[in-house]
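Novice: Pasting the feature list from TrEMBL:
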| type | residues | note |
| --- | --- | --- |
| DOMAIN | A:1-93 | domain 'FAD-binding FR-type' |
| BINDING | A:C219, A:C222, A:C234 | [2Fe-2S] cluster binding site |
Amino acid sequence: MYKIVKRDQIADNIFEYWINAPHVTKNGCAGQFVVIRIDEHGERIPLTISGIRGDDVRIVFMAVGKTTQQLAALQEGESIQDIAGPLGTPSEVKKWGRCAVIGGGVGIACLPILARELREAGNEVTGIIGARNEGLLLLEDELRNACDELVICTDDGSKGHHGFPADILKEKVAAKELDAVWIIGPAIMMKITSMATLNTGIKTFVSLNPIMVDGTGMCGSCRVTIGGETKFACVDGPEFDAHQVDWDELMNRQRTYTGQEKESLEHYHEHKCRCGDH
Amino acid sequence: MNRRPVEERLRDFNEVATGLSKESAVLEAKRCMGCPKPLCVDGCPVSIDIPGFINAIAEEDFRKASRIVKADNMLPAICGRVCPQEAQCQGTCILGKKGKPVRIGDLERFVADWERENGVEAPETAPTTGKHVAIVGSGPAGITAASECLRAGHEVTIFESLHEAGGVLTYGIPAFRMPKGIVKFEIDQVLALGAELKLNHIVGRSVAVDELLAYDAVFIGTGAGLPYFMGIEGENYGGVYSANEFLTRVNLMHADKFPEYDTPIIRGSRVAVVGGGNVAMDSARVARRLGAKVYLIYRRREDDLPARAEEIENAVQEGVEFVCCANPTKILGGPEVQGIECNRMDMCELDESGRPIPRPCTGVDSTFTLDVDVVIEAIGQGPNPLLAGLIPDLKRGRRGNIEVDEDGRTSIPHVFAGGDIATGAATVIWAMGSAKKAAASINKMLSEN
């Protein structure tokens, strides 16, 4: 069992957990992920490593489906059954020069650890984060500390730039201010944002989040097409060259279980009511 | 072996084969001729004293029979169920030349089941040596190597990347063939000898390579966990599974009990399984239990199917429809599977192994389409490349397997390997046999320095 040593709600429906898992933190790096299973009946879900502090690993998630809602219902001091990791290939941290780390929604949570590693490697780092509204922005102060510069965007203009991170990225690209870019967020956001660096020669990484089971290359559930070749996101990724990704296929595969996910959530709420739980 | 009626077994995942009663086991044991040079032992990859334990059954001394089996094999209930006995011990039984061979596999299973019900006797272990062995992977190879090293008195730490031990026994082989309670029971017997089991640990990630190499000896048994895909159009549509994924969802994650368990699966009303080995049979029979009409598509003729005869028979009984001499060329649909297009195959000249080489037919009627909504590819697995790829100086074969000599030694002096990662995809017992050899080398090395 792995203990939740700290639990915070950090934005509307978004939660930050620190979980005690020395085997994950010992060698974990930016760009890697963990697979968790809440209990005996739980599914295995991948979550990106958002931070490491001593023996504790941070995960940040939005409570949308059954598993994330159940996770959100756990309290500080409670435990989850399993956490495996670190999994996946670390981010390609080296001296690039000027880097931008761009986050959308919950993807923002993956940026501070990456920004810090990039700066330690001697890069100048600009953070660009976007959310639908101010209430969905997260880890802003932490990220400001981790970056040389931070730009905030909201779709509704409630804070910072009224628009998308892609707008800011386009400006930076036009001003020839970048050597490498990371974009982490929902698939559609990564697809659209990465167009800003197409044919510019700027290395652009995205962190893909397909459906996974084991996370160790054993099942092939997370296969994605990169430059016409099938890759397993869990071991070959999860970070890939944005301009080589078959985005439509990724998004189709992400929707494979939409019906079952709804059923699972309904079953969970029905069951909670019957138990008089929470 | 007696089997449960088809209508009954398609409704659940309980074991199909029911096992021998005490009386029939004793009768069967009495058929053994006690050959002075028993060929059955040569046929067994772990060299169990087969006449010895069968003789003990005939004398109705089941405790003694169990001791004899476990001297060479700590996983008898597993082997008694999933070994291809017809090609090994039973295949060489002298009685099989003119009539029926002794049912050695069923007798092994009987002994193991008897011991489980009548109290387990732990095997003797040597005094502790203070040497520490790391075992990577808790499948048949890892568990076997662990038990051998534990019995030699070494400390053992087993690393497993999943949340349950057992490897392919847990995620791959369905419960109707290998009940999960039995897997757990036998693994627990090995752990009870003093092994430390670290679940959720991925060696090469959670445990760095230099930490691993710091152990006095290392055994790598990471298996054949890399699924192959056919490489045809439509393979990434929703509803196309590798057998590994399909079986893992059901066996390990209990997707058959969704939504009681959270892991979903597309059950499919019509399912195509591609392949002809035991994994294909397992996938087809699981899909039948999930309620689908199932086609099993195989390139060669029914006679050439590589699966065990018993598993083919079970699949036929359970209503799996065999579509032989056919090779898939395209998966239809998008984004979900709607069908599979196949090419009929001609059987031409024989290859080196004596099997016919399938060649695609041409001309009219050479292709056909099956309407299916799920496709499961069971065309084989390669060695899991994750760890081996991270260890510099570890010599690997062309297909990514770890190269070992006949004693399980790798190119690094204190690192050994066994099971599918070394030999390529094979059977449970072959994995155990190679692990046993590697463990013997480890024990020899550690006793010398």
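Here the Cβ of each residue, glycine as well, is placed from N, Cα and C on the backbone.
Caution: TrEMBL annotation is automatic and unverified by curators.
As the structure is a computational prediction, the values presented were derived from the model and not from experiment.
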Novice: When each of the binding-site residues A:C219, A:C222, A:C234 is checked against chain B, which show a C-beta distance below 8 angstroms?
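Specialist: So the ones by chain B are A:C219.
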Novice: Mind giving me a neighbour count for A:C234 ([2Fe-2S] cluster binding site)? Other Cβ atoms within 10 Å of its Cβ, every protein chain shown.
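Specialist: A 10 Å sphere around the Cβ of A:C234 ([2Fe-2S] cluster binding site) contains 28 other Cβ atoms.
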Novice: What does DSSP give as the helix, strand and coil breakdown of the domain 'FAD-binding FR-type' (A:1-93)?
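Specialist: Output for the domain 'FAD-binding FR-type' (A:1-93) reads 11 helix, 44 strand, 38 coil.
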Novice: Going by DSSP, is A:C234 ([2Fe-2S] cluster binding site) sitting in a helix, a strand, or coil?
Specialist: helix
